[in-house]
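Summarising the annotation, Swiss-Prot assigns domain 'tr-type G' to 10-278. Summarising the annotation, Swiss-Prot assigns GTP binding site to 19-26, 87-91, 141-144.
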Amino acid sequence: MSSKHATETARRRTFAIISHPDAGKTTITEKLLLFGGAIQLAGTVKGRKAARHATSDWMELEKQRGISVTSSVMQFPYKGRIVNLLDTPGHEDFSEDTYRTLTAVDSALMVIDVAKGVEERTIKLMDVCRMRDTPIMTFINKLDREGREPIDLLDEVEQVLKIQCAPVTWPIGMGKRFKGVYHIHNDAVHLYSPTHGGKIQHGEVIQGLDNPRLDELLGGQAAELREELELVMGASHSFDKAEYLAGRQTPVFFGSAINNFGVQELLDDFVEHAPGPLPRATESRTVDPAEETFSGFVFKIQANMDPQHRDRIAFLRVCSGTFSKGMKVHQVRIKRDVKISDALTFMASDREHVEEAYPGDIIGLHNHGTIRIGDTFTQGEQLIFTGIPNFAPELFRRAHLRDPLKMKQLQKGLQQLCEEGATQLFKPLTNNDLILGAVGVLQFDVVAHRLKAEYNVDASFENVNVQTARWVSCDNARKFEEFQEKAAANLAIDHGGDLVYIAPTRVNLQMAQEKWPEVRFHATREHGVAA
């Protein structure tokens, strides 16, 4: 491996933020970008009507509702490292998109609201991280408000999320009594100095817990802090890098992201300790980031990042080798060589053309309908990266057009929006219905809104007699043909061209499985791999 490739790979830190909605994920995303020098002015998310919206929530509907529904990617340099931050949807209906984003990162940051503690969505996301032993750092947010006792929160994280907590910073009071944090490793008190927006103002730093200046400024709270810390140090774990990298321990930081406080301490430790690019599993072997030849996989497709150009961008995670502009790469699924001269890098919606990209980087490829989620790109080797799932939807609706003459635009719009992977399109074999499947109700609203805004199609979604769907496959070609003839009324083609059994009831599905034992019914399907 060339020394430049080795150096650049070692500099990369690629991570995502996970949290329950409203724990402050978008705010902390903004502040990380602010401290990383990537944006001059953080647009606070609360002022949704204001002209400045949070940088990472760039799609129109997100701006209206104040929730992030698509993962965007932001890159910024910090202390000699290159940080790739993947923002994930904050709404539970978009769990599949979040799940796939978590396949493209090497570590994660968990944000917890000090008043609410561990919430349901956080538990689900942690389960996903645990499946891959993803290293996790934790930021307990909103210390400028009243909340629960920090020691109780650590206990809850340990009990509910089954991960050891190692506090790195410790809060001095909270709400009106919030005075700052004590950095355990550096033996320094960082005094709270709230600033908003783009101002970074560093409060006074007092070296040493026994410094008389502390008593002078904090009065009785200084003695309280010393007492509390004695208790904390005795009851909690001290930071162990090997345990953190194995996904068994989480370093914990406290702060108030909206007030730009406590974020820099987190970022400093993150670039120091978080893992660089890790090896990746394929169907045939494990790919090491140090390998010379380029490889990567697509974990997300986003339509219309630029409403002026009706474009679709495929987000590719570089896994090995160096990507350089104008390079010829091999798209494994369709066995086609393509030259890529206009790949993009991201600063939320601002796009710049890539000259070179290294393992850990995320690049955007222009997609004209030929790239799918899960696609592997290499320099010729027939590799398929694994672990990028497609889930069977839980809710189904039939598309209803207000103007029947717009059928062509509706089909095109649904096909393109479904390529993003948050919703799935099914075309029954025996009628002309267009059935949309989703994980949650919000997705139908999003699709209707985007059809109107981006394709000028006025459509609504009505109930349809479908309760569940399964991808079907069979090794016996004759039996499969017979099954397709006899069960045609329940079969549909999905937007990837695969055959799906759509069942009106769970009982119907059970009966079909009993009647056709040779046919396999799949609840999930690997992207990039036919069922």
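Glycine is treated like the rest: Cβ placed from N, Cα and C.
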Residues with Cβ closer than 8 Å to the Cβ of Leu143 (GTP binding site), same chain and 6+ apart in sequence?
Val114, Pro171, Met174, Phe178, Val181, Phe254, Gly255, Ser256, Phe261, Gly262
Looking only at Ser19, Thr88, the binding-site residues on record, which one has the least crowded Cβ, with the fewest other Cβ atoms within 10 Å?
Ser19
Please compute the mean pLDDT of the model over the domain 'tr-type G' (10-278).
83
DSSP three-state assignment for Lys25 (GTP binding site):
helix
Which secondary structure state does DSSP assign to Ser19 (GTP binding site), in the simple three-class scheme?
strand
Count the Cβ atoms, other than its own, that fall within 10 Å of the Cβ of Lys25 (GTP binding site), considering every protein chain shown.
27
When DSSP states are folded down to helix, strand and coil, where does Leu143 (GTP binding site) land?
coil
Surrounding CB atoms that lie within 10 Å of the CB of Asp22 (GTP binding site), all protein chains:
15
